[in-house]
Amino acid sequence: MPDPAKSAPAPKKGSKKAVTKAQKKDGKKRKRSRKESYSVYVYKVLKQVHPDTGISSKAMGIMNSFVNDIFERIAGEASRLAHYNKRSTITSREIQTAVRLLLPGELAKHAVSEGTKAVTKYTSSK
């Protein structure tokens, strides 16, 4: 007689398929909490720059971590600048100055020009 523990196939190691709804004791279905990430936006930019290139989930995790880190650094520096100047609002000027302080040389120049372009596009669309 076969052992019941060995007859059922073992789940694959590292399989990470999330169940969309978990079953509660009283029979009601509960939605799983959503994990926010920048993966959709990173993927869109990747396809603009290199249409034929893909990205692994590990690399996407690193990119997501990088974007979160840069966001926190810029937000923190902009907050400090607003506080130093006795302002209660973070404007595009604080963000721009924070970017200039945090990013080195040519990278800061490109970031500022892209940011200015994005703000101009946003204000013209309103």
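Glycine too: its Cβ is placed from the backbone N, Cα and C atoms.
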Out of Lys31, Lys44, report back the residue that Swiss-Prot marks as N6-glutaryllysine. Lys44
For Glu36 (polyADP-ribosyl glutamic acid), just count the other CB atoms lying within 10 A of its CB, please. 8
Please identify, among the recorded positions Arg87, Lys109, Ser113, Lys121, the one with the smallest Cα-Cα distance to Lys35 (ubiquitin cross-link). Lys121
Glu36 (polyADP-ribosyl glutamic acid) and Ser113 (O-linked glycosylation site), Cα-Cα, nearest whole angstrom: 28
How many whole Å apart are the CA atoms of Lys58 (N6-(2-hydroxyisobutyryl)lysine) and Glu36 (polyADP-ribosyl glutamic acid)? 16
